[in-house]
Amino acid sequence: MQSQDSCYGVAFRSIITNDEALFKKTIHFYHTLGFATVKDFNKFKHGENSLLSSGTSQDSLREVWLESFKLSEVDASGFRIPQQEATNKAQSQGALLKIRLVMSAPIDETFDTNETATITYFSTDLNKIVEKFPKQAEKLSDTLVFLKDPMGNNITFSGLANATDSAPTSKDAFLEATSEDEIISRASSDASDLLRQTLGSSQKKKKIAVMTSGGDSPGMNAAVRAVVRTGIHFGCDVFAVYEGYEGLLRGGKYLKKMAWEDVRGWLSEGGTLIGTARSMEFRKREGRRQAAGNLISQGIDALVVCGGDGSLTGADLFRHEWPSLVDELVAEGRFTKEEVAPYKNLSIVGLVGSIDNDMSGTDSTIGAYSALERICEMVDYIDATAKSHSRAFVVEVMGRHCGWLALMAGIATGADYIFIPERAVPHGKWQDELKEVCQRHRSKGRRNNTIIVAEGALDDQLNPVTANDVKDALIELGLDTKVTILGHVQRGGTAVAHDRWLATLQGVDAVKAVLEFTPETPSPLIGILENKIIRMPLVESVKLTKSVATAIENKDFDKAISLRDTEFIELYENFLSTTVKDDGSELLPVSDRLNIGIVHVGAPSAALNAATRAATLYCLSHGHKPYAIMNGFSGLIQTGEVKELSWIDVENWHNLGGSEIGTNRSVASEDLGTIAYYFQKNKLDGLIILGGFEGFRSLKQLRDGRTQHPIFNIPMCLIPATVSNNVPGTEYSLGVDTCLNALVNYTDDIKQSASATRRRVFVCEVQGGHSGYIASFTGLITGAVSVYTPEKKIDLASIREDITLLKENFRHDKGENRNGKLLVRNEQASSVYSTQLLADIISEASKGKFGVRTAIPGHVQQGGVPSSKDRVTASRFAVKCIKFIEQWNKKNEASPNTDAKVLRFKFDTHGEKVPTVEHEDDSAAVICVNGSHVSFKPIANLWENETNVELRKGFEVHWAEYNKIGDILSGRLKLRAEVAALAAENK
């Protein structure tokens, strides 16, 4: 190195370039050295911003200010103590560096750039600098390291705090304090190391790789986050495979060991942050052998793959070939037998990431409901303009071999017709049926027509049915028709609540499956049935999935649709009954036609109108008469208003929030006699109640009133509809998904605000009454640090633990983005610790090191437009309830009058209803979702055995697992383990 004059302890310097690439490279260089960005000014973006432009040069296009902060005494949380309060007054020298990008560099030609002074900075860890720059760094002595930055500036790093010092200075000279806080802080840090040593000493760490492959889908990031953090929690090393199978082939930097903080904020990101790519090389054995070598070199013998059927098939093939691939690697001399001995078997676990929802054996795949939500949102927008011009719109959606998106979108958007691959339309005849359906709906008063076409739609001769083919048919009808191809907008955006929840739970279960894996275990695929996470053999699921395409190619369309799950088939039949077959083809005999009442009870909830619409359309297509009881039971008592609903009344209700027929919290017991009178007057044969706990209570009151009021001897059922999800006996209520989506958007926004201001915490209050479901679910899918629910009372110990967890998070904070923190509190979690009081306690304990704010979304949680999932579920439940009423009436007809155990009622010759039995428990029921089952549960049994009447909820806390998983992923359990390790060490 040339001998240069040295400028020691420079507090401020400015360097200039007119090369943008060099500008960025220099910033990265100083970031690597530990400098932090404190200002990033862009003349074109921030020129009018007086705060950002303050202190910048007039000729700067961009300026980035980097600071190396002084070392000084820190408190228990690792935050700097103000100098006037510190017991140790020593401080190291800080430095501010201004890097400027200008139009043209102002360098005098006579200036000799070889006479540059060397700038010297103080560092307590010279070896680390050499490690970071092994080729550039030159160690001149034990206390001096020389470097050149990308602009050619000479820099030395000295271990001497001052030029006059004779011995190196350690960081303890600045950080060391005599306070108890500092001792605790260091002990906490040591506890982390102790915990890692303890976990590592018992057995060799399991190393797991996680990758995303094939087409991206919303929710993949949530799955990766769950795998990474769950793996770390269970003492594993977790690696992310970047760029899918291509990353497996390349190895090296594409296999990155992940830390806890690496996946912070990933829940709210769309796509996949670790990338995805299709690899032709991996399809060859040579490519798979190369991938095996890369995994073994990192010690990895478990792989979690999130992708479609092709990706999962490749993964399972990789597993079966693994032993022979390892033998080939040994034969090639890349590894010895001893080196590969621990890696004789490869564990594979599959997660289905696909917006098509085309995997057999699972109800939904990661990303499917997010894509459906995008479709419904777009079609809702299209409907608005279509009605204005009285147009027809043909909308093409994805689904090459699976019509799930098209079917669900058809139900959720009130489409007139759908085309799906599983049910091919008759060649040359489908045009006539399409035109007949659209013309019939127009004649009933509809102003627009919506047709949903899956991209893989075809006729029974395997000819493609395109959006333009459909358009041509509608033009023949004389309709002004437009085509909209949604394309990749369906993949875009962040994941909805359902997909975040699904990906998180499946990611956690994937790690558990890896740890439980044996060489004899078939590769598992993590799926879901109704509300329950399940495992199923990967090979069989993929085989069934591919057999659908085979059946279609063989023109066996009955087999193709039979291979879909029962829910798919049920919903397809429901769509036909409510839309296509409203031509009188399904009318029942006059003697079997019923009068069915529909009433909304309780607070407004999304999808009340969607359920009423589906029930009405199904009734009309079968000849029943649907009657809307206006304004709840109080409206019936006060005015007796009951309206017979027509097709045009409900045609546009599929995407309307609130209640079009009115709702309130009045219950049936306010005047059972008057209610019985109007039931008798309208000759009701059945009743559907939509509502929450008030609806649940009303159903019980009507059932109990059968002794005094024989008219109540009719089949009655409740469709749970409440954002609180507090109806006993069921795990799902209409409106919950809409509520959770609203909360996801709300919390994403406030977390962004918290991240922008860096050290900021929000305490968010959510609804739910005495049920902690919404709070627990929201905490899980938003990455909340803590969740306060009524089921687990808040106490000072739990608050203290949360404060410690927050301090630990912020102690390691380096000013990165995505570091806003969220705490979720149920509105009834405590009568003492209110949302504001919690915020005040945490704020006081933070001693100004981070800010705390409250956020209360209130009735925003009820949502506006119902979510696509709520719309589809509403339709499914409504049709099931009509069938329930039909079946009970059939049962009555088939029963002899002498059998008093079965509900019976008939009209006499004067048209009066004659009850023949006091009550029948099973005929008054609640439609319930429990795990993987949908069933009708008698209200009498639910009220007696499963209802906490005082707290207005069920006894079962079916969401308890969400809190446990939330504690794992937030780091709470990790912190507890560290504290326990520290306590054990102190003993």
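Going from the start of the chain as shown, residues are counted 1 onward.
Cβ coordinates come from backbone N, Cα and C, glycine included.
Of SER179, SER390, SER776, SER843, the one with phosphoserine in Swiss-Prot is SER179, while the others lack that note in the record, though it may still apply to them.
ATP binds ARG278, SER279, GLY308, ASP309, GLY310, SER311 as Swiss-Prot records it, and from the list GLY215, GLY399, GLY403, GLY410 the residue named for this site is GLY215.
The beta-D-fructose 6-phosphate 1 site recorded in Swiss-Prot includes SER354, ILE355, ASP356, MET398, GLY399, ARG400, HIS488, VAL489, GLN490, ARG491, and the single candidate from GLU321, GLU455, GLU520 that the record places there is GLU455. Excluding the listed site residues GLY215, ARG278, SER279, GLY308, ASP309, GLY310, SER311, the same chain places SER213, GLY214, GLY307, LEU312, GLY314 with Cβ atoms within 8 Å of the centre of the ATP site Cβ atoms.
Within 10 Å of the Cβ of HIS859 (beta-D-fructose 2,6-bisphosphate 1 binding site) there are 10 other Cβ atoms, across all protein chains. Within the model, the region 'N-terminal catalytic PFK domain 1' (1-580) shows a mean pLDDT value of 83, rounded to a whole number. Neighbour counts of Cβ atoms within 10 Å were compared across the binding-site residues SER311, ASN725, GLN767; the minimum falls on GLN767. On its own chain, ARG952 (beta-D-fructose 2,6-bisphosphate 1 binding site) has PHE693, ASN726, GLY769, HIS770 as residues at least 6 apart in sequence with a Cβ closer than 8 Å to its own Cβ. GLY308 (ATP binding site) sits 6 Å from SER354 (beta-D-fructose 6-phosphate 1 binding site), taking the CA atoms of both as reference points. Secondary structure at LYS625 (ubiquitin cross-link), taken from DSSP and collapsed to helix, strand or coil, is strand. Among the binding-site residues SER354, GLY399, LYS482, ARG491, VAL723, the ones whose Cα sits within 10 Å of the Cα of ASP309 (ATP binding site) are SER354.
Cβ neighbours within 10 Å of SER279 (ATP binding site), excluding its own Cβ and spanning all shown chains: 20.
When the alpha carbons of GLY310 (ATP binding site) and GLY399 (beta-D-fructose 6-phosphate 1 binding site) are compared, the span between them is 15 angstrom.
Note: the region 'Interdomain linker' (581-594) comprises 3 helix, 0 strand, 11 coil (DSSP; helix = H, G, I, strand = E, B).
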